[in-house]
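S.K.: Once you've had a glance at the structure underneath, I'll fire off some questions.
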Amino acid sequence: MSKSLPYSMKDVHYDNAKFRHRSLFKVITQTLLTSNMRRECLSCSTGKFLGLLMIFGLACLMLTHTNKAHSVSDGLAKGIGTNEEHEEVTDVGIRFKKLFRRAPRLPPRLSPDEKIIHRNFTGKLNEPNVEEQWKARQQNVKDAFTHAWSGYKKFAMGYDELMPVSRLGVDGLGGLGATVVDALDTAMIMGLDEVVSEAGSWIESHLLDRIRQKGQVNLFETTIRVLGGLLSAYHLSGGEQGMTLAQKGPKPTIYLDIAKNLADRLLSAFTSSPTAIPFSDVVLRDSSAHSAPDGLSSTSEVSTLQLEFNYLSAISGDPKYRTEGMKVLAHLKTLPKTEGLVPIYISPHSGEFSGENIRLGSRGDSYYEYLIKVWLQLRDTQDGNFTYLHDMYEEAMRGVKHMLVQKSIPSELVFVGELPVGPKGYLSPKMDHLVCFLPGTLALGATKGLTKEKAMKDNLLTFEDLENLKLAEDLTKTCFEMYSVTSTGLAPEIAYFRTKDYFESGLDGGNKSSEYVNDIIIKHADRHNLLRPETVESLFVLYRITQDPKYALLVL
């Protein structure tokens, strides 16, 4: 159990009170009566004399200032005061007030890029037309979604993906119409009834037949995109409340019934495996499963199924989905780790990790993400003790900070490197865009989903939590700079960071005005963007937790 901070709200009140207005009387009395100087000075006759002299001098100055001010005010009221007299007295008053003016409460200092963002719009509620500006930005996002959906519907409806240049549809994720299912909950959130109707109707008419007829699919991809999309649609359409909230599309039970049919077939990946680690591939039409050609599963893939399977058990009343999913994490708990860090491959045949490659990029990323998210999902349930998930998460984050976090040169961007040959080998300054899930995960783990203000007020944060929250903000900046350092404003799939041990010239992002153009190295093979959501999700989580509008502005 985390210990609370070793200070109380009195310390917070003290910090907030440091710049509050204090009267002249309080300034003098607190200085003379509470300081060590009082004991030292008043212990001698000279100190007593100087103290009395200072008090009388201040009193005379105030009386003189008051009398002059009154005389000028009276003169002005009678129409006989001169400009010279007014200027003289005003000048005395201003100089006197400067002696005891309160210290200004300065805003936080902004970096150059933040100054640009805040120059025209800060997002503060007292800013004129702020609501209209936010609504305009919101509408821009909806317009972008509608544009993408209309192109997909016209050229590739029912296919997994659209190739925008050739305008052809392709089935790269098993042929279950991944884009239709994955886009549905977004359309519901945006209130796009027409899209909800189109996507929902396609799912009701075609998806179940696809599931029954299709061949091999990847367990992980199908779970997070298709099963997750169906469950989100069920939730957002009011299924849990026993009502239909969506104005368009099928009833919530349609989504749930299809989700159960799909999940029953995916369960074969678990039940066919000789260990608690599921096979990577499932043949849907006959509910069979097998391992990948190399016999291995990705660590991230086997540990990124539990949110969906747990939720399906909760809404269906059938515990089998959660039982199989949680067996994986319970088994991973028993395996040896290096400061909480794990290799990126695991064998479903032996149940052991394979190789020594440690990274938070591809094949490793969401193992760490789901530890804290699954713990948050299950921590209030009465039928199990899942504190081991939080313990594994905290140990892993300590390992990340100790073994993987470094700073670039010359501008000291914080990044997360890799250990390609294991914990005893060299640290590669390579950071996948996928690693940008980590800032949001760290923030979520620090406050347990509460706002920072609420967590601080309730004295819930440890120093380690505050340290993780600071790291989250530093890494969010790095992820944003991976975009802004390029000439297109799009981040690469992979970035390298300049260190004292690594540098390649001629491989900057192209934006010569960026402060970090010499810190980030982008190799030619990595100069593509797959529209990954990790950075945007972290910005969203940081915005919700810190309530700092800059994170919302960075998204837009």
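Positions of Cβ are set from backbone N, Cα and C atoms, glycine also.
Feature table excerpt (TrEMBL):
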type	residues	note
ACT_SITE	GLU221	active site, proton donor
ACT_SITE	ASP365	active site
ACT_SITE	GLU493	active site, proton donor
ACT_SITE	GLU534	active site
DISULFID	CYS436-CYS479	disulfide bond
S.K.: Is it possible to get the count of other C-beta atoms within 10 angstroms of the C-beta of CYS479 (disulfide bond)?
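M.R.: By my count, 27.
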S.K.: Could you give the Cα-Cα distance between ASP365 (active site) and CYS479 (disulfide bond), in whole Å?
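M.R.: For ASP365 (active site) versus CYS479 (disulfide bond), the Cα atoms are 15 Å apart.
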S.K.: Of all the active-site residues given, namely GLU221, GLU493, GLU534, which is spatially nearest to CYS479 (disulfide bond) at the Cα level?
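M.R.: Of all the candidates listed, GLU534 is nearest in space.
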S.K.: Which whole-number value in Å describes the distance between the Cα atoms of GLU534 (active site) and CYS436 (disulfide bond)?
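M.R.: Per the Cα atoms, GLU534 (active site) and CYS436 (disulfide bond) stand 5 Å apart.
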S.K.: State which of the following recorded positions has the fewest other Cβ atoms within 10 Å around its Cβ: ASP365, CYS436, GLU493, GLU534.
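M.R.: Checked ASP365, CYS436, GLU493, GLU534; of these recorded positions, fewest Cβ neighbours within 10 Å: GLU493.
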S.K.: Taking only the Cα atoms, work out how far GLU221 (active site, proton donor) lies from CYS436 (disulfide bond), in Å, as a whole number.
M.R.: 19
